[in-house]
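*Asks:* Just passing along the structure, written as structure tokens.
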Amino acid sequence: MSETANGRPKHFGITPPIATAFPNEQEIEVTDLLVAELKKQGTFESEEESRMRELVLGKLDKLVKDFVYKISLKKSLSEADAREAGGKIFTFGSYRLGVHGTGTDIDTLCVVPRHVQREDFFKDMYDALAQLTEVTELTSIADAFVPVIKMKFQNIPIDLIFASLGVNKVPDDLDLRDNSLLKNLDEPCIRSLNGSRVTDEILRLVPNIPAFRTSLRCIKLWAKRRAIYSNVMGFFGGVAWAMSVARICQLYPNAIAGAIVSRFFIIMYQWKWPQPVLLKPIEEGPLQVRVWNPKLYPIDRGHLMPIITPAYPSMCATHNVTASTKKIIESEFKRAAEIADKVMIGTGKWSELFKKHDFFERYKYYLQIIASSDSPERQLKWAGMVESRIRHLINRLELVENLGLAHPFVKGFEKIHYCANDQEAEDVAFGICEHCEENNPENIQDSKRDGSGKPGGRIVCTTTFYIGLRIEFRAGGSNPKQLDISWPTSEFTKMVKSWDKYDEKSMGVAVKYVKNNQLPKEVFEGEPRKRKVNNSSKSTGKRKLAEGSSSPRESMNNKFLKAPIGSSTEPSPKRPRKSNQYLSENSQC
């Protein structure tokens, strides 16, 4: 935000605005239609749910203060000092930005004084929450990149993270914008504080908050419907979408939502990447930490679509974007810009913008990555780790000759299977579940006892991820009619199995290709399967792609597509047996 001598803002952002015109009648009408469509699409929560969220946050704030008080007494502080130690919760993310919807979680930060440690939070605070009847689905993930306690508090989903500041007390008027608060903190605390600091800074840097919120609601819904809302999979996450919308608001400070959305798509489609999206100049601070700087750091120069956080220390929120996901995002910007242009001139409808993606009809061939384990608790961490490594698989696939695009889907599909024997359990881990029963609570409970009547019965949990493959045969290539992905997939399986918590007796990973007509019904989410799309670029390639077995058990024998499968780390044309060792006769779930 540029300021004049008297401290008042001259303009928002790192450049002057493109236009300062106020909305005309057409833009007002288009904005009214947009708000009506967003309401129709269910993006706003009810007043009752809104009041419930406020009530829950009030209770949670009191719990945090009680937690700090008890820990203070336990650590020999006086009664008076324990009372004054304070403690406070801050919200961030979509709730703090004011763009949350029905059923979405509240990102919440618990801030405490120096004598309250992370170990206290994950023991005493967790135990206090566990005693409350209003709290359900309570889970702690203390070893996450940002340690978190997840729960439902009176059916409101809450993600609660933690930061211990180098101060003796945390008053209710504490301002987290003070950079000096970051001194002498460990990395997890700095990361935890960063979420709240970034969210507050975004709100401070937009000229018209109501227009920003309506515009961001629209962009978030569009990105989710088009399956490009996922930081971990190489697209933009919530913070990146918020910052990019905020930048357009800076460029058109007096515009309303309909005009902001239209200009957002046009400008983002034409953006000269890797020129970064910045809401304010990058600032230095008191810490010995790395701030995003492509002039100094080669890794920063490699960011393809950099969107930089405005709070110190500035970081790239889109470092996961790959060459493939960049192409996909840009193509969606183009499509959306064309639709928004028609809306602005009165020949189109906003509803067309939110049309659901066609990911599972778009490609003829897909990679299927199946993470499996023997319990829901173990699966949560194992599948999360596998998901976090898929972008590395994408990067390697992009180097493969004749592969034009590796398109990851934004989420995995979870299942719990009851298997009668080792063979069924092994088949499930490889994506074959012709005989096992899925998601049957009675069978799952029976599997925990030995009285199910099915010898060797057990649970197998799977999470399946998909990558669409666009084939582009090129004349003059070394292998013009073959796509060899054995190296990327082999490297991927080695990478995930090198995780320090990997246990070959209880975890498995399988990578295989499937044709469009072999996709399971759950990926279509209850909708009818549409006509298959052929995206092979040449007829000779099409014939070669059609060769090979269509059987799931023999899919890796296809002459065209080479890849390892299962927990094997070496390319193999046949599926190895007993590669998931937790499926052996002596294993226990």
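Just so it is clear, glycine is given a Cβ too, placed from its N, Cα and C backbone atoms.
Sharing the record's features from TrEMBL:
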type	residues	note
DOMAIN	13-206	domain 'Poly(A) polymerase nucleotidyltransferase'
BINDING	PHE92, GLY93, SER94, ASP105, ILE106, ASP107, ASP159, LYS220, TYR229, GLY238, VAL239	ATP binding site
BINDING	ASP105, ASP107	Mg(2+) 1 binding site
BINDING	ASP105, ASP107, ASP159	Mg(2+) 2 binding site
DOMAIN	358-532	domain 'Poly(A) polymerase RNA-binding'
COMPBIAS	548-558	compositional bias 'Polar residues'
COMPBIAS	579-589	compositional bias 'Polar residues'
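Map the listed features onto the structure and describe their local environment.
*Replies:* Taking the Cβ of PHE92 (ATP binding site) as centre and 10 Å as the limit, one finds 25 other Cβ atoms among all the protein chains shown.
Under the three-state DSSP scheme, ASP105 (Mg(2+) 1 binding site) falls in the coil class. In sequence order, ILE156, PRO157, ILE158, ASP159 make up the list of same-chain residues 6 or more apart from ASP105 (Mg(2+) 1 binding site) whose Cβ falls under 8 Å from its Cβ.
According to DSSP, ASP159 (ATP binding site) is assigned to a strand segment.
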*Asks:* DSSP on VAL239 (ATP binding site), three-state: which is it?
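*Replies:* Going by the DSSP assignment, VAL239 (ATP binding site) falls within a helical segment, counted as helix.
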*Asks:* Given the binding-site residues ASP107, ASP159, which one has the fewest other C-beta atoms within 10 angstroms of its C-beta?
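*Replies:* Each of the binding-site residues ASP107, ASP159 was scored by Cβ atoms within 10 Å; lowest is ASP159.
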*Asks:* With every protein chain in view, what's the tally of Cβ atoms within 10 Å of the Cβ of SER94 (ATP binding site), excluding that atom itself?
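*Replies:* Its Cβ shell of radius 10 Å holds 22 other Cβ atoms.
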*Asks:* Could you tell me which three-state DSSP class SER94 (ATP binding site) falls into?
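*Replies:* Helix, per DSSP.
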*Asks:* Give the number of CB atoms, excluding that of VAL239 (ATP binding site) itself, located within 10 Å of its CB.
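*Replies:* There are 23 of them.
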